[in-house]
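The annotation topological domain 'Extracellular' is assigned in Swiss-Prot to 1-36, 97-110, 174-202, 275-286. Taken from Swiss-Prot, the feature N-linked glycosylation site applies to 2, 15, 200. Annotation source Swiss-Prot lists transmembrane segment at 37-61, 74-96, 111-133, 153-173, 203-224, 253-274, 287-308. Marked as topological domain 'Cytoplasmic' by Swiss-Prot on the basis of a curator's inference: 62-73, 134-152, 225-252, 309-353. What Swiss-Prot lists as disulfide bond is 110-187. Annotation source Swiss-Prot lists N6-(retinylidene)lysine at 296. Taken from Swiss-Prot, the feature S-palmitoyl cysteine covers 322, 323. According to Swiss-Prot, the feature compositional bias 'Low complexity' maps to 334-353.
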């Protein structure tokens, strides 16, 4: 084995020289240069600095403007809440531990950090799935006369929390476990060992199938069908400039959504699966660090994609930030009037929210 396994940790370094120490008790500067820990702390500070305001602003603006309190926006708010979970439950602790060079918060802190980071990430992931299903139901109309209402939104919220808990809770109760990973300053699922009594293998397979592959298939299916529906509407009314604009807008939105989903999760999932299927092979501490912390950046670009592309929300946000006035009101108004409408794709169905 090209690593050192101990009680509730795995260090990606063989302890031939005797320098390997518990990541709960000693700085891990023998893994990487101390400057790397400082850089990690600075990166986490940047995520907090940007992630907290943009997600808090999402909640505040929606509460401030009654017209934004629509059933679909409940899911978008859920996305913001999930991102705040990641900011407070994961980013702050990682910034603090990276300043010390090891997971100074101990075993309990590792469980809490791993749980909140996993919970927030999974709530966000399943919120995107619910959004994809809602867009498909409204635009493609597999059920005639379907209208997404408050009851559907509440069921969607409950679904995201149940699925997230189904992934984040088991490691706390003995099905797998949370351990420090990468540079040993943050905690995640144990992909690294076959620790006796924790059934890591079955949990990792369950997690990949139910909490990665299935969401991926659903997102691709729903947005693929949505894009086809918009193309069909545009083909039926080729003379309509607004319909052509609808096709372009939705195409751009779909591409951004799918690419962001892949950029966020595929590197982390790919590296985690490689480590799981090649346990004991040689890899450095940065091998898992880069994809893990890149995935955390979803707390920033998720709200930018799913909320800031919403014309109505953008108008309300500018109004809130500018003390009740929107200096770009004419431009926003012109943009709103040109909002796409088609016989088979309504304007509310085409816009991101």
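Glycine is no exception: its Cβ is also placed from the backbone N, Cα and C atoms.
Per Cα geometry, 296 is the residue among the recorded positions 15, 200, 296, 323 nearest to residue 187 (disulfide bond).
If you look at the topological domain 'Extracellular' (97-110), the same-chain residues 6 or more away from its ends with a CB under 8 A from one of its CBs are 8, 23-29, 34, 37-38, 40-41, 44, 178-180, 183-187. Each residue contributes its Cα atom, and for residue 110 (disulfide bond) and residue 296 (N6-(retinylidene)lysine) these two points are 17 Å apart. Every protein chain shown contributes to the tally, and the Cβ of residue 187 (disulfide bond) ends up with 33 other Cβ atoms within 10 Å. Ranking 37-61, 111-133, 153-173, 287-308 by CB pairs under 8 A with the transmembrane segment (74-96) puts 111-133 at the top. Restricting the recorded positions 15, 200, 296, 322, 323 to those with a CA within 10 Å of the CA of residue 2 (N-linked glycosylation site) leaves 15, listed by sequence position. When the C-alpha distances from residue 322 (S-palmitoyl cysteine) to the recorded positions 15, 200, 296 are tabulated, the minimum falls on 296. A straight line from the CA of residue 323 (S-palmitoyl cysteine) to the CA of residue 296 (N6-(retinylidene)lysine) spans 32 Å. When secondary structure is read from DSSP and collapsed to three states, residue 187 (disulfide bond) falls in the strand class. Around residue 200 (N-linked glycosylation site), the same-chain residues six or more apart in sequence whose CB sits under 8 Å from its CB are 176, 177, 190, 191, 193, 194, listed in sequence order. Distance noted between the C-alpha atoms of the residue listed as 'N6-(retinylidene)lysine' and residue 15 (N-linked glycosylation site) is 31 Å. Counting same-chain residues at least six beyond the ends of the topological domain 'Extracellular' (275-286), those with a Cβ under 8 angstroms from any Cβ of the stretch are 1-3, 12-13, 28, 31-32, 36, 182-184, 191-194, 201, 204. Of the listed recorded positions 110, 322, 323, the Cβ environment within 10 Å is emptiest of other Cβ atoms at 323.
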